[in-house]
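*Asks:* Below: one structure in structure tokens.
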């Protein structure tokens, strides 16, 4: 056990060293292009969102299929700010898409995004409030499991359709783009890009540590208890609704942070980022990396996105086949994801024992019947 | 009076599962409820702990009406339930199971910033010793045997420190030795708490029935009396024999 | 019928009038001709001839010049003459010229009508001079020819523009019935700019829809000219009873006109009001019908989903792709019938496609069950991800095989619709889908509640282990159920080809809605699925009538979420202890 722990610590250290030192150093030495750096910066954003999904799905067992929507809420908040700044820089009063849509003055909900700090706060607050409202109604009526998945999926679809419309005054299908500066810094300057990379990586580390704390606390234990045996948690006098709401909102905020960091790096946010597919794919990152483990979520998000960039540049037609196959194989054979697979390779023997215990746990987990005629 | 039930009824899809005119429990009383399968025993407990809402009737617990309350509110008032199928947190260790159960502030923020104290640890260890789980404290609860899970669940319920414990078939899946130990545990609990036990095993009932035994048949209270009275009552024997469930005969 | 006869005598006078107009035009023609030096040399002899004989012959001459001009200028001249002369017999010809659909067929001037459904590249042919006449083949059936069999006669744009002032009249003589109907309606609305031409056109009108529009226009024209209140009232009643498309507009505009008797105007407004409320009802029925038809498709898709989920606890995200497979099977059947079996009749392929799509999608479902889903029983959330992956693979496979967009042609027997009243047309294809759903639902009920297999399916649904203990081969039951469930989706896909295109991701459009239907209905409940499917279908369409489609969808979703607050287990939840598991 001790050995496993120290090797895992070593791996974490190597991971941090590689991304915090080696990759930027490679860039300054001219080996790694600034685009690659920026690409990784975006992957870190996905990894932050994946951490939230792992909290909600991996630890609490709530399959939320609208995380991409929260991601986009954060993204749109930041995008609105960036667009307003870019518009002001060009000496215009309204963003170009509004002019095309015959909007004569800035809609009221755009007003707060003029300032950077309000925009920053709103990109956390908006996903939080939306998640709170959705979560309150869903959890209060004790919608869970499959019902939860389907309802949130339908919600994501409805919101996606809503954002596609021009009437929502958020750019419609084209989304928000043509950003110029952030806090007066040129978004296209290599230095700023590397800076954003560091911000994203720092945020990822911070999010990981925070999630680690949450998961390790009694709160985290209760989340797992809810996943395994929700009724018992209620009979033990914990208000399940509050706990579920708390973790759902936390995950939404993480997704919002991720979206907020993502937008300045890509320079565009469209409704396409929040369609049904996007949310399922986010779940897949977590499943692929190893559900119920924070590192798994990060590794999954990075791995799938690397693979995506790799495959789409080599054989774009085949990517969906590969992704589909990954879904099936992961669910069928690598229930514990990539991390589980690693352990299987390195510690086959040790795992066997643990497996048998887990199996036992599972077989008991299945049949909760509190009463029998 | 710890618990008072009046005219309690619930039906599932046309079947009258429970139709109880009156039931009451004194403080620190241990009551055993017996009855053939389908008599409505578990349904009765389900209503008491808020899992099922009754069609009509009132339940008063310590002068609070608890009909219409959620299971959390009822648990907060001080009713703990052990289910027929042991319901523990299989993914957590036995120790964590007990920590979660113990009486304390249970809102989100308290849980988030909960700090383990030595005193608290001792409390958990003491309980683990009482139910014989002190050697498996770091094992996941899902890996326990059926009997150990029963005890863990009893420990969970007791750690909540409720005034009323609802114990549904505690001896199922236990050896004779274990059953006896469970009986002793329950008798010990009854010194501080009100306890209602549902049981089929008549040896066990004999062991723990120190005051009254209630017999439920077809959702109605057939009779109440001491273990001897109940055992010798012809109606009780008939309804057990009539169902070819002659457990009473064995005693 | 009575009404048309009353039109006739007037038409005679129109003809006479037209003749005299022509005489004048010819005189003018002679004058202008002098200006055209080039033409003069050629047509002096013909000119003498044409002046002497009837105007008909000069028209024929110009038509010949349009058809076979020695040089482009000559065609321009001839068209100018015809535009000035306005010989009624040449109207169809000129209509063909102005719409660039004039052709030569064995030396005769012809044009093409609108092609009927199911006849892809062949058009009915009309001879255009003198008057309009549909050509028949040797068996007396309407002659159908592809465009390649015709020799186009193309007038240049400036040449056609010469006819522009006549467009309103010429459209009434088009070979396209729809165009004629529109032209009539315009006449009615504008108030008789070309009343005579309208009368003339109506004399030969055969198309029922065009005739309706034409008669309405006729009434409108007469109403405009009505002098006393009594006559106006009579015409208002005629308009009201005729119940045409523009009746309310005509009545309202007329009532606004200055000089209209006040009482008659009030009457017109009152009748317009009555018509409006009548239309509103028709519109409501139409919406309801669209809702039922959307609901039927949802039911077809959701039924399979519901029984599979109930039986195996599988959230099959690839269910929509079985719909897609069914649609592509239909497409393949069409290719097979038209290209390999050389069956030209567009009905047969569809009849064959119904069972074929059921079986193909069913087999695909069976394969999927064997390969993947078997390992995921009672793990709904995992199955959701795995089947999502399968759906990605299937969609991409379909895209690779068939490309981005294909369409299946509508079988002839399902073209058009059932005209219940003039303002309520129920399309046959949608009626067919509703009928298909009813048949499927009855068959499924029969299977589930009247057959041994159905009993086994229900047994496994309720308690898999117990059913297995009783000697039911649960694996076989699973396989059969999956076959049926997927097959139903395939059938839905086949039906979908009647109302939309066939695209690789067509299943995705319906999958979320279908899941909502299953959830709202109560999992595994057929009755709930049917009720929820109909409910969601109808609500969607009704809301769409008030809001835009997107907002309708958002509202539906909010409605469902509110509904779930009160009935978290759907419309028809299990009661009692079964529900707890």
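The backbone N, Cα and C atoms fix where each Cβ goes, and this holds for glycine too.
No curator has checked TrEMBL annotations; they are predicted automatically.
Grabbed the feature section from TrEMBL, which reads as follows:
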- C:292-315: transmembrane segment (TRANSMEM)
- C:348-368: transmembrane segment (TRANSMEM)
- C:380-402: transmembrane segment (TRANSMEM)
- C:431-449: transmembrane segment (TRANSMEM)
- C:480-503: transmembrane segment (TRANSMEM)
- C:515-539: transmembrane segment (TRANSMEM)
- C:546-566: transmembrane segment (TRANSMEM)
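Walk me through where these features lie, including what they touch and how far apart they are.
*Replies:* Below 8 angstroms of C-beta separation, residues 318, 322-323, 325-327, 329-330, 333-334, 336-338, 387, 390, 411, 414, 479, 482-491, 493-494, 497 of the same chain, each at least six residues beyond the ends of the transmembrane segment (C:348-368), sit close to that stretch.
Residues of the same chain lying 6 or more positions beyond the ends of the transmembrane segment (C:380-402) and with a Cβ under 8 Å from any Cβ of it are 309, 313-321, 324-325, 328, 331, 368, 372-373, 502, 504-505, 507-508, 511.
Residues 297, 300-301, 303-305, 307-308, 311-312, 316, 319-320, 322-331, 350, 353-354, 357-366, 368-369, 373, 402, 404-408, 410-411, 414, 429-430, 432-433, 436, 440, 444, 447, 453, 457, 460, 510 of the same chain lie 6+ residues outside the transmembrane segment (C:480-503) yet bring a C-beta within less than 8 angstroms of a C-beta in it.
For the transmembrane segment (C:515-539), same-chain residues at least 6 beyond its ends with a Cβ under 8 Å from one of its own Cβ atoms are 288, 291-299, 301-303, 305-307, 309-311, 315, 441, 444-445, 448, 461, 556-557, 559-560, 563-564, 569-574.
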*Asks:* Same chain only, please: residues at least 6 beyond the ends of the transmembrane segment (C:431-449) with a C-beta under 8 Å from a C-beta of the stretch. Say none if there are none.
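*Replies:* Sequence-distant neighbours of the transmembrane segment (C:431-449): 292-293, 296-297, 299-300, 303, 307, 414, 417-418, 457-458, 484, 488, 491, 495, 498-499, 526, 530.
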